[in-house]
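Participant: Could you have a look at this structure, given as structure tokens, before my questions?
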Amino acid sequence: LWRTMAWNGRRSRGNLRQVILFLLCVCVWQSGAESLRYSVAEEMERESFVGNIAQDLGLDPSQLAARKARVVCEGNQQLFRLNPSTGVLRATESLDREEICPQSETCMLFFTLFLENPLQLIRGEVEVLDVNDNSPIFPEKQMVFEIPETTPPGSGFPLKNARDKDVGSNGLQNYSLESNSHFSLAVTARNDGAKYAELILDRQLDREENLEMNLLLTATDGGSPPRSGTAQIRIVVLDANDNTPMFSQKIYEVRIAENSPRGQLVVRVDATDADEGFNGKVRYTLTETSEGCQQLFDLNPDTGEIWVTGNLDFEETKKHEMVVKATDGGGLSAHCKVQVEVVDVNDNAPEIKLTSHTASIPEDAPLRTLVALFSVRDRDADDNGRTECTIEGDLPFTLTPTFGNFYELRTNAALDREKTAEYNISIRATDWGPRRLSSRESLWVQVWDVNDNAPAFSQELYSMWVTENNSPMVRIGSVQASDADAGSNARVQYALERQEGQEQPALSVSSESGDVYVVRSLDYERLRALEELNLLLIATDGGSPPRSGTAQIRIMVLDANDNTPMFSREVYEVLLAEDSSPGQLLVRVHATDPDEGSYGKVHYAFTQISDGSRQLFDLNPDTGEIRVAGNVDFEEMKTHEMMVRATDGGGLSAHCKVQVEAPPAEPDDTLTLYLIACLACVSALCLATGLAALLMKLRRDRQRNAEPLPTFPTAVAESDAGSLPRSLMYDVCLATGSLSRDFHFLGPLLPCFPAGIPPGAAPQRSSVCSQEASN
């Protein structure tokens, strides 16, 4: 029995799920079944009428406004605008069909109508109708054909097609050729409806008759009135050439990926000519190409190789056609077609377009609250354009697919502003291509605050100190309480609990900043028994209803530093010998402070001391001992003076002076004796030198007096030459080769002859002269 009941229960639950699923499918079908279709001619003015949505849906315009109706166009431009008051749909700008749908016979623009309360999405489409606003245009104003005179009648020469951006009957319809005696025109339609013209030779050419011909080609569309375009055909008649180039294929079909790099080989067309020499050399040219081909491909005229020179885009053009002309040296030519199919690759990332967005929600919002609505689009085809959306990170939000490619962003968990005040929601859309591409859109959602938190102090107990004899209203610290809420819910005010029967309170707290002040001067001796003051702090927020929190505050009164250190003496005079060794104790200064604790502990330091003295003495900051640190020289500085400061722990200080001098010098007898001996030696040496000089002078004088004096002649007759006496005779001596005369006035000859020498001794004079000349 129990098994049967359980089986029936499971069966009923299964049927219930099927019914709910069926109802959901019916709702979705009904929401997407309705669609709107309109048509509008291109080139109409801005704000042109497109359609009346309210009338077509059978709704009153007031219902559209109440349900917040709005229109979102596909693509990057918002081409239509809905007036919710009237229900009229208008074009926001003039539409150009050739710009919007350049390669499509029909131009359809899609939009989505959004209705709220309840949510309803209706798809709409607008067909842009073509008008005849473009004339056929030939790619070149002049086409040149070099045709040999031996070309047989019936030969055809493809012409470059004219292009008309209009479509249908407004597009290119026919070609016509100027009347002439040699050529006619053949117009053929392709499978896709496009028409192309071919020049047909009707009568044999004769180069001797006509070297060249000029014909006018006209292209006409089917508009009303029709438009036309013209091009000049120039026929150059060439001399005979027996063989025409022949391609290995009439049509070359190639498939190439759209991401092919520039310089990649597409295909190599090959034509051969049986002629030899110049007439057998083939060159290739492009005679007809689809729009944009010349910017995407390049043909090597010598090898026939076609290379990629631009950026291929499957989304822009899926197929390219080219006509290659092979011409030999004699002017004969052949043609082939090259059809290039562009293969799609996954080169477009999905595009996320936001439709609606709620910037802020309350933290007590219910589950499944709608936050945003957006759509995803990928321009690629097949799996490359298939997309999926996810939310990055662990966030209390979820994505729900809706109509078409739209998604809803909703909450899926309770929000807490105190934990997270705002969310940066990153939505990533990824396609299904082999190399998966993705894009990301960030949404900021702020959470509103509700008063669900009470203020909390940073400490349960605040301890503060104040020194006795303080000034009234002195600030001794601050308290701080924080509230996790925001805005007025987080604005905190402070107060102290007032005790019954208490006199004027000693403390006060600022209601806004939390600064704590001592209201009146405190006496440590009076409050010594209490040691501290304990009060209750209260912090209240600005919510409705308000919430509050408490903490204890403890105030301790400290003793003041009332006493200044005192030295035992104001001046310390110290005698120090120059030969004192470093480290020797010079003096110990001592100061006392009657305060206790750190206020009674004294530290010493030099305050005024010269640079020379600073290198010679060290002061112990704890004991006050001054010791010798270097070699003291009183010849450089007679007296060393230092000012010593004694400072207690409270910063009070006193000063004393320390004077260091050398002891008085004692007389030195040994040094005096040495000086006297040196002076005696120097005096004796000087006396001996003077006596020696005197003796030498006396000796020279004695020798000079002992030499005999010469005897001079007494009469002039004693000389046998000249008119002067012999004692006054001078000789003139000339040197050989002199340029001038030199007169040597010699002194009188004083020969040491004894008196009475005979005159025969006169010839000795010449010997003296000759000796003088030789010298």
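Numbers run from 1 along the shown chain.
Using N, Cα and C of the backbone, Cβ positions are placed for all residues, glycine too.
I grabbed these lines from TrEMBL:
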SIGNAL    1-33  signal peptide
DOMAIN    36-138  domain 'Cadherin'
DOMAIN    139-247  domain 'Cadherin'
DOMAIN    248-352  domain 'Cadherin'
DOMAIN    353-457  domain 'Cadherin'
DOMAIN    458-567  domain 'Cadherin'
DOMAIN    568-675  domain 'Cadherin'
TRANSMEM  671-695  transmembrane segment
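Could you place the listed features in the three-dimensional structure?
Facilitator: Mean pLDDT across the domain 'Cadherin' (36-138) comes to 87 in this model.
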Participant: According to DSSP, how is the domain 'Cadherin' (353-457) divided among helix, strand and coil residues?
Facilitator: 4 helix, 55 strand, 46 coil
Participant: Tally of helix, strand and coil residues over the domain 'Cadherin' (458-567) according to DSSP?
Facilitator: 4 helix, 47 strand, 59 coil
